[in-house]
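Remarks on the structure that follows.
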Amino acid sequence: MVAKPPVMSFHFAQDLWPEQNIKDSFQKVTLRRYGKCEYENLQLRKGCKHVDECTGHKGGHNTVNQCLTATPSKIFQCNKYVKVFDKFSNSNRYKRRHTGNKHFKCKECSKSFCVLSQLTQHRRIHTRVNSYKCEECGKAFNWFSTLTKHKRIHTGEKPYKCEECGKAFNQSSQLTRHKIIHTEEKPNKCEECGKAFKQASHLTIHKIIHTGEKPYKYEECGKVFSQSSHLTTQKILHTGENLYKCKECGKAFNLFSNLTNHKRIHAGEKPYKCKECGRAFNISSNLNKQEKIHTGGKLNKCEECDKAFNRSLKLTAHKKILMEEKPYKCEECGKVFNQFSTLTRHKIIHTGEKPYKCKECGKAFNQSSNLTEHKKIHTAEKSYKCEECGKAFNQHSNLINHRKIYSGEKPYKCEECGKAFNRSSTLTRHKKIHTGEKPYKCEECDRAFSQSSNLTEHKKIHTGEKPYKCEECGKAFNRFSTLTKHKRIHTGEKPYKCEECGKAFNQSYQLTRHKIVHTKEKLNKCEEFGKAFKQSSHRTIHKIIHTGEKPYKCEEHGKVFNQSSNLTTQKIIHTGENLYKFEEHGKAFNLFSNITNHKIIYTGEKPHKCEECGKAYNRFSNLTIHKRIHTGEKPYQCAECGKAFNCSSTLNRHKIIHTGEKPYKCKECGKAFNLSSTLTAHKKIHTGEKPYKCEECGKAFNQSSNLTTHKKIHTSEKPYKCEECGKSFNQFSSLNIHKIIHTGEKPYKCGDYGRAFNLSSNLTTHKKIHTGEKPYKCEYGKT
């Protein structure tokens with residue numbers, strides 16, 4: 001018995017295709033359902049020419065449905081493509097997609113849709129009706145299908161499996177996207193620039209680059225986005241909510257994609273492999289970066305200057321710089337920007353708004369990326385490890401920057417002076433040296449900075465905020481980086497090693513400074529006198545000698561300094577706090593440099609040797625001063641009397657002769673001194689402390705300098721020779737005193753009678769005649 005043949009519904013909007021095409025097109029689809037029917041048994045009848053002729057259709061939606069249900073089969077054809085539908089509504093919907101007609105418009109935002117169901121779904125964005133709630137985590141959704149997909153996160157269910165490689169996915173769309181990897185097919189081509197994409201959605205996103213359209217706005221912060229997914233991500237960042245937790249280590253993430261990437265660290269999974277070199281990666285973006293290394297990575301070329309970029313967005317930004325197009329203006333200060341995102345970030349400077357708050361410590365940030373970085377301080381997780389040296393980092397970007405130390409790669413070059421950098425951010429900072437731009441101003445003291453981070457750190461001076469505390473000794477710091485460096489004092493860690501001599505340092509800048517010792521290179525020249533320095537910082541300090549500028553003032557007693565480090569040292573002297581303890585004999589010091597110097601004295605180590613005479617020193621600074629004896633160089637000149645000195649400390653001591661200032665007072669006896677070191681030495685008279693002992697004869701001294709002088713008695717060493725008469729001395733100060741005999745110079749003058757002396761000690765003794773002071777008492781009572 002032959003089955004009853006299918007009959008076409010009388011109600012359809014399209015004309016039937018020619019009869020000769022039935023066998024080729026229609027039969028294939030229809031016979032899936034009616035397999036037993038022969039081609040000749042299919043009876044097709046032509047009904048109304050247009051849907052408007054159908055009385056059932058005019059009767060309303062329900063009448064049409066009844067009519068369609070009554071027919072044995074409901075098959076409708078699309079004119080553009082041979083496609084078969086079992087519902088009249090599906091045929092109409094499909095036709096609208098080809099024509100591009102969008103009759104259904106949203107009253108809220110004017111967005112149009114070609115299908116009513118799409119408009120209905122879209123409306124829920126405005127109404128925020130989240131009817132479907134997840135029982136596992138409480139998260140609500142406005143579509144049931146989204147809830148179903150979400151549940152798979154908790155269950156781990158992945159029903160969609162790739163037949164090619166066996167990889168499974170929790171959504172069919174992910175499987176479809178994945179399959180394209182195997183085919184390498186890129187059917188979706190951009191008509192504007194010719195770039196091809198594997199997915200149509202990627203092409204849609206790409207097109208926005210050309211149009212610049214950003215239809216998705218976040219009402220909370222006013223930020224606009226080109227993609228709805230970016231808006232969703234932004235909302236999550238504002239809430240700070242971390243819903244996705246790693247079962248392996250307990251770390252939580254605000255995005256599921258971040259959790260997926262994180263899991264690969266534990267599993268060691270690296271699914272993204274480079275075909276060029278075979279290197280594998282756990283994140284697709286890292287593979288993209290690697291591929292660009294092989295290709296030269298700069299596919300987007302500027303037609304104006306031939307400069308190439310590895311990202312089209314960078315090319316767009318570059319073009320605006322050439323055109324000097326800056327359409328986004330700040331209404332507050334009038335500054336213009338070539339990107340809207342840059343303007344948005346800039347506005348926060350004026351408002352002081354910090355919407356991103358850390359739940360752990362309450363600290364707030366003006367950018368979500370800063371909050372993300374800050375959170376890692378609390379977790380202390382360092383997932384990214386350097387294969388070269390084993391050092392671990394909490395951010396992948398930090399690891400990439402760290403690797404450049406070994407490769408020596410510096411891809412970012414300054415067009416102004418040619419200097420190259422390994423980070424684009426460092427180049428951006430460097431450029432401000434040429435422009436002199438300092439857009440970040442302190443409201444407290446009007447001081448301006450070229451970087452916002454510098455302003456943030458500066459503000460802590462006014463507030464006194466020190467959020468980073470050392471668990472070892474309790475000392476607090478206003479910067480996390482300073483705390484990290486401080487911790488190395490306790491651990492003794494010295495990660496920066498010199499390849500030339502093997503010497504290790506606890507800070508990178510110390511290693512950089514040290515390397516210059518081997519090269520003997522002096523690139524930084526003083527324009528005033530032509531003197532050259534190995535370090536630019538030394539040249540900067542040297543310049544202050546010529547200008548006499550002292551911008552750093554101590555509020556305690558008004559003393560001014562030419563270096564911030566000197567002011568810091570001064571403050572510590574005022575507090576009298578001794579944080580650094582020498583474990584060998586328990587002595588404490590107020591400065592880390594003092595304990596370091598003390599250790600060298602204790603061990604007797606003298607690593608810095610003079611090539612001229614072979615004399616060795618425990619400090620490099622002492623060697624530098626010593627070398628001036630051979631060269632006769634005296635760069636520090638007194639503005640008052642013109643006398644020159646070979647070290648700044650001697651000049652500072654000399655200046656006090658003219659001012660008569662004695663700011664350092666002994667609490668025990670009230671005696672005042674012009675130098676803090678003299679006060680320290682004086683205090684030992686009261687305590688009787690003599691920590692510096694001679695190994696030769698056992699004699700003890702209250703000052704290390706006295707011990708050094710004493711040792712020369714045993715060695716009979718007299719390295720300081722008078723050029724006038726040939727007499728030798730064991731101390732440089734003794735040679736200076738001796739020289740006065742030849743010059744007849746008497747720089748120390750009595751203010752009472754005008755009598756002059758060649759030694760300050762003689763002037764001090766003379767003054768006691770006027771004051772009647774007799775500080776030295778005989779045990780038997782006579783003074």
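Indices start at 1 and increase along the chain as displayed.
Positions of Cβ are set from backbone N, Cα and C atoms, glycine also.
Swiss-Prot gives the label SUMO2 cross-link to one of Lys186, Lys438, namely Lys186. Taking Swiss-Prot as the reference, the stretch among 4-26, 188-210 described by the feature zinc finger is residues 188-210. Long-range contacts of the zinc finger (664-686) within its own chain (CB-CB distance under 8 A, at least 6 residues past either end) are made by residues 573, 653, 656, 702-703.
Using DSSP to sort the residues of the zinc finger (328-350) gives these counts of helix, strand and coil: 11 helix, 4 strand, 8 coil. In the shown protein chains, 14 other C-beta atoms lie within 10 A of the C-beta of Lys186 (SUMO2 cross-link).
Here the zinc finger (664-686) has, by DSSP, the following mix of helix, strand and coil residues: 11 helix, 4 strand, 8 coil. Secondary structure by DSSP for the zinc finger (636-658): 11 helix, 4 strand, 8 coil. Note on the zinc finger (188-210): DSSP counts are 11 helix, 4 strand, 8 coil.
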